[in-house]
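The structure under discussion appears below in the form of C-alpha cells.
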C-alpha cells in the first residue's frame with residue numbers, strides 16, 4: 001500500500017514517503033466522490049502557472065498541499081488494487097512512489113526560475129575544448145572500454161514524422177535504422193578492440209514491445225543488448241490535480257499514462273537492477289545519448305579523460321557544442337551557486353530570454369551526450385539527493401480534457417553530482433534527426449557511412465552543416481518527404497535551403513550557396529533532373545526550370 005506520512009514538519013520530505021498501512025477509514029474507495037476535490041482546485045493551490053493564494057495564509061496553503069498529497073495517495077491506492085498479480089503490483093507500487101515524490105515537489109512550488117544576477121562567470125576549466133584531449137594509447141583502449149556502458153534513450157515514437165512505432169526503427173541511411181546504426185557502432189568497437197561494451201536501451205511503454213521484437217535480429221552479433229523501461233506515470237487532470245487513469249491496464253486507456261521524460265533514467269536504471277549489475281562487473285561510466293543523435297558515438301578521447309587518469313575524474317560530463325542561430329533555444333551551461341549546472345530556457349526570467357538566446361552571451365548548448373559515473377549515480381540515489389527541475393507539460397487530449405504531465409530532463413541532474421565538467425565537442429557529435437529537414441542532411445552526400453557512424457564528406461569546405469528548412473504542409477511526414485525527391489540532391493556546397501509549398505526534385509539536382517524555393521498556394525514547382533541551383537530564389541508555378 002502506498003501512503004505518505006503526513007506527521008512531523010509542514011513540508012514533507014522524500015523520507016516521508018514509505019510503504020505502510022493506513023487507517024482503513026482514511027482510505028477513500030474508488031468511485032466515491034472526493035470530499036476534498038473542491039479544495040484542491042488550482043484556484044486554491046499555489047501552483048506554477050496557477051492563481052496564487054492571498055498572502056498571510058501560509059497555514060492554509062500547507063493544509064491544501066497536504067490534502068492534495070493525501071488525496072493522491074488514496075487515488076494511487078485505488079489504482080494499485082486493479083493490478084493483475086503480485087509481481088505487477090510490486091513494480092507499479094515502486095513507480096507510484098517515484099510519482100508521489102515528483103508530485104510532492106510540484107506542490108512545493110519552488111520556483112525553478114533562476115536569479116539572473118546570481119549567474120556566475122564560468123570558471124576557466126569548466127568547459128574543456130575537445131581538441132585539447134589526447135587519444136589513448138592502443139594498449140589502454142581494451143581495459144578502458146571494458147569499464148564503459150552505452151545507454152541510448154529509446155522512449156520516443158516516430159509519430160511527429162508520420163511513422164508508426166519507435167522512432168529508432170525509421171530508416172535513415174541505406175535502409176538502415178537508428179537502431180541498426182547504433183548496434184553496428186558498438187559491434188565494431190567490440191570486434192576491433194576485443195572488448196564487451198554492452199548496449200542498453202531505455203524504452204518507454206510506447207516503444208518496448210516493438211523494440212523487443214526488433215532486437216532479436218541482432219542475436220548473432222558481437223554485442224550484448226539489454227533493455228529496461230522508464231516509468232509509466234498517470235496523467236493529471238489540470239483542474240482536480242488527480243490522476244485520470246481508472247485502472248493499471250495501460251493498454252486499455254493509453255491516453256491516461258505517459259513516460260515522464262528522460263530524467264527518469266537514474267531511478268529506472270537502478271530499479272531495473274542494471275546499475276548494480278554493471279558496478280559489480282567493474283564498469284565505471286555510462287555514456288548516455290538520444291537514439292536519434294547519429295553523431296553520438298563512443299568518443300575514445302573523452303573516455304580516456306575519464307578512465308585513464310590517476311587524478312579524480314569528474315562524476316558528470318556534458319558534451320556541449322558551439323551555438324548557432326538555429327540553436328538559440330537549447331540549454332546551456334552556467335555556474336550557479338558555485339556549481340556547474342544546465343540552464344534551460346524555461347528557467348529564464350522573461351526579461352532575460354533574449355540574453356539567453358544570444359550567441360555572444362552563451363556560446364554553447366547541450367547536446368544531451370552525457371558521461372556519468374555509475375558509483376556516483378548509486379550514491380546520489382541512495383542519499384536521496386537527486387535534484388532535477390520539474391517540467392510541467394500541459395496537454396489537451398482528443399476528448400478535450402486538459403491534463404498536465406510532470407517530467408524531468410536527464411542533463412538537469414548535473415548539479416547533483418561532484419566535479420561536473422563540460423566538453424566543447426565538434427558539431428559532428430550532434431546530428432539529431434527531429435524533422436525531415438534533418439533527415440535530408442543525413443541521407444545526403446554530405447556524409448558517408450563507416451561502421452555505423454556518419455563521417456562528413458572531406459569535399460565539404462566547412463565543418464558546419466547547412467541550415468535546411470522544409471515546409472510542414474508538404475514535407476513533414478517521411479513518406480511524403482521521400483516522394484518529393486527522385487534522389488537526395490548534392491549539397492556539398494550548400495549553406496542554406498528553404499523549400500515551401502508543392503515542390504519536387506528530379507535526379508542529380510545540385511544545390512549550392514543559398515537556395516530558396518517557394519511555390520505559392522495552388523502553384524507547383526518541379527526542379528528537373530540535373531538542375532544546378534546556386535544562390536537562387538525560385539518562386540511561382542514552374543513545371544520546367546531551365547538550367
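Just so it is clear, glycine is given a Cβ too, placed from its N, Cα and C backbone atoms.
Among the features that TrEMBL reports, UTP binding site is placed at 167, 230, 261, 292, 434. Same-chain residues at least 6 positions away in sequence with a Cβ under 8 Å from that of residue 167 (UTP binding site) are, in sequence order, 156, 157, 158, 161, 178, 207, 291, 292.
As annotated by TrEMBL, substrate binding site applies to 262. Other Cβ atoms within 10 Å of the Cβ of residue 262 (substrate binding site), summed over all protein chains shown, number 26.
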Between residue 230 (UTP binding site) and residue 262 (substrate binding site), how far is it from one CA atom to the other, in Å?
8
If you count, for each of the binding-site residues 230, 261, 292, 434, the other Cβ atoms lying within 10 Å of its Cβ, which residue has the minimum?
434
Give me the CA-CA distance between residue 434 (UTP binding site) and residue 262 (substrate binding site), in Å, as a whole number.
16
